[in-house]
Structures are given as C-alpha cells and as structure tokens.
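Chemist: Look at TrEMBL and you will find 22-92 tagged as domain 'NXPE C-terminal'. For 253-504, the entry in TrEMBL reads domain 'Cas1p 10 TM acyl transferase'. Annotation comment: TrEMBL describes 269-291, 355-375, 395-416, 423-440, 446-466, 473-494 as transmembrane segment.
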C-alpha cells in the first residue's frame, strides 16, 4: 500500500504486461465497450486541442464510441464528431502551437459566451521545435505562452476535466530531414517547462490541470514501431484513449473489473448492520470465553485446596457452551469477511489486471498433479460414480477452475472451452449427487431441503451482504440451487418412484 490517488497512478505510471496489455500502477483498468462509452459520455462535449499527436488521440477516442470512424479529412484543420443517438459531441481543434490563438480559444470558454466542454484534452510542442529549428528563443516563448494559458486552464478545471498531454519521445533515427531538430532532449525541456508552470498558481491550488504523462512511458516502449518516428503506433494510441476513458468514466460507471479512479464505495445500511453483528459477536465471544475460563480456574483451585494435596495441572479444558461455539464461528466468519472486503472493496491493497501466460496456468496444474501422486487412499466402493469417486472428481475440477480464474486463462480459447466442459461436468455431478440421495434414501422432508439450500447459499448470502453484490453475481450458486429444486420437485411430486419402490414392483 502506497496511498495516494489511483487516478494519479493511472495518468503517470504503469508497465506493459507482454507486448500490448498496459498495467497501471496499483489499480485495474477496465476495457470499455462502445455501449459503455456511450452510456458514460451521454450528452457530453469533449474537446481535443493541439497538434497532430492530439489529433491521433482524438481519433482513437472517438473509435471507442464508433469503431466505424475512419481517419480522413483535413489533417491541418478542425474535425467535428457527433453521435446523435447519445448526444455526444467530440471536437478536434487544430492549434499546433501554444500561442495567442490557442489562448484566445481557451479564454472564450472561460468568459461564458461559449458553452464550456465537459472534458478538455490539450497539448503541443513539436511544431514549435520544428518551425523555430529547436532554438532556445522558441523554448522561452513557449514558457511565456503556457504561463499565460495556465490560469485559464486552472479556471476551467474548476468545472471541467482538463488534461495536458506531455510530449512523447521520438525515435530520432527514423525522423525525416525536416524533423531532425525534434530531439528527445528538446522534448524533455518543453515537458519540464509545462510541468513546472501548470498548477503553480496559488490562487487556484484546488483546481488542478491533470498532467497526462503516462503516454511518455507507453511511447518509450513502442515508438520504435512508429511509421515516421514521431507519431505513435495505433495500438499505443488506443491504450492512451482507453486510459482517458477510465479516468473519466470509472467514477461514473463503476465497473466491477476496474479499480482505477474509483472512490471507495460508501457502506450501505445492510453492510453497517453486518459489521455491527460481527463486532458484537467478537466482543460477546471474548467476554463469555473469559468468564468461562475464569470460573474454570476458580473451581479447579477450590478442588485442589479441599483435597489438601498438590496436583499436577489437569489436561481437561473448560466445557464449551453452544453459545460460545456459535459466537466463535461467527468470529472466524467475521474475520474472513473483513479480509475479503479489504481485498476487493477497499483501496487498501494494490490491484492488478489478470494477464494470461501458459506458464501461469499449466505450472500450478502440473504441480498439483505431481503432489496428488503422493496422496492416495484405498476405497471399498466398486460402483461407477460412487460417492468417493465423484467427490475426488469434483475436487480436481475445483482446483483446475480455481487456477483458471486466478491466471485469467479465459483469454486463451482452448483452455476456455475445456473449462466450460468442466463447469458443465461439475453441474452434472452436483445434480447427480442430489438425485442419488433422493433415489436411494427416499427422504423428501423439509429438513433435507433446508439443509441443502443452507449449505449451498449461506456463504454466498453473507458475501452478498458484506460485499454489496447482487445474488446473481455469484452465478453458479443460483444455478445449482435452481437445479436442486427442479430435481427435488421432479422426484417428490406424485407418483414418487424411488429405488425401493422400483425394486419391489419390478419396474427395473
């Protein structure tokens, strides 16, 4: 745990998992679908203002809304985009230099004459380096211009989300002759100026312009694949656009598999009641346990005094009441649920997206198989699909399915298909076990039904309460519960046919 805002980490740090999967530091990034992007950005106005690199980011962003969009039209001009179905408006404004023209456009949004965009993404520098041949005078003028723009951006940041995109490094060996003056040394100097000047105003210390610096890290790994040494490859631009979408939309959509930029969810009333219940259980158990042990010591010392002899401490322990056992169980359950909540619903621990590799899936399976060779037991059962055989089969499947979920193997199609077979087999095993019990025992009493329903659902119901999840989120338990009730109803309704009746009447 390093504390801090996960939005900061998302915008400034991370690493590649493999070649294409970007992993932000300490949090999980959600991959937005078109429908989700539209729901988040409904009736929003987004503006990208800057040079050709910002234009590329603009195209990658609108492709998250409409994948059919093609990069065409005037490259050195304004480009509008509108999705009428969701009333989303996204504009690219061509301002390749940080100068008076850019300042005037930004100022128009602060004066109220023009509606303010909800999101502003800005950035420029390479044209200033190119046009002025990398001169120091150009850098000085850049500092003056961005100093004049900074208060306006900070004013906009009070009501809108404002992002300043720092300049990506270039691949100098691939640059054309007209761009040779754009060196990484110059780019670093311009970035340092932007970082130092933006958000430096003490008057607007609460209104922060967010620095989009993570693009530099992504570019350092991928700029070698650039077509011209200046512009990022498409996959890197798409990653940057997805980061922007996560920064803005995660706090609105609150995706289950995305933790970046999500505030810790407030405790619901039922969660607070559960917390109080487990707290009182722990306090009650400690009080009763101390009272019992204190009484036990007193009774033991009195017995020793009456006998007049010194005796060695007895090995016996104080009698444990049913209430104490129940409270002890609730204590353990409460501690387990607290750990679950801290891991999944709080921001105490760093989180990471699952990234599948063959070794992360197959090595644990091989390890368990080798380990299983040394743990074998004999059985007296000879029937096919006897209880011990089905239990072992289900145990192996549980282990494989667990490794499958931990390693994120659902992205690898052959493994995914085999795991679907195991899940279906596990469902069959569960139904077969319930059927066998009713068929052999003929016990259709309410006690048996309540016992099975409790055993299947108790943990899930507690998880729903503590984790604030819907029952359907734990999809397999509702599935086996429904099929248990179907099997019970099928065998319990008239005419009841069980093993004893079938054998007695010669039906089979």
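Using the three backbone atoms N, Cα and C, a Cβ is placed for every residue, glycine included.
Bear in mind that the values here come from a model prediction, so they are computed numbers and not experimental data.
Can you tell me where each of these features sits in the structure?
Modeler: Beyond the transmembrane segment (269-291), the same-chain residues lying 6 or more positions past its ends with a Cβ under 8 Å from any Cβ of the stretch are 321, 323-324, 327-328, 330-331, 333-334, 337-338, 462, 465-466, 468.
Long-range contacts of the transmembrane segment (395-416) within the same chain: residues 353-358, 360-361, 364-365, 368, 372, 422-423, 425-426, 429, each at least 6 residues beyond the stretch ends and with a Cβ under 8 Å from a Cβ of the stretch.
Outside the transmembrane segment (446-466) by six or more residues, the chain places 270-271, 274, 333, 337, 340-341, 434, 437, 473-474, 477, 480-481, 484, 488 with a CB less than 8 A from a CB of the stretch.
Non-local neighbours of the transmembrane segment (473-494) in the same chain are 423, 427, 430-431, 434-435, 438-439, 444, 449, 452-453, 456-457, 460, 463-464; each lies 6+ residues outside the stretch with a CB under 8 Å from one of its CB atoms.
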Chemist: Could you count the residues of the domain 'NXPE C-terminal' (22-92) that DSSP puts in helix, in strand and in coil?
Modeler: 22 helix, 19 strand, 30 coil
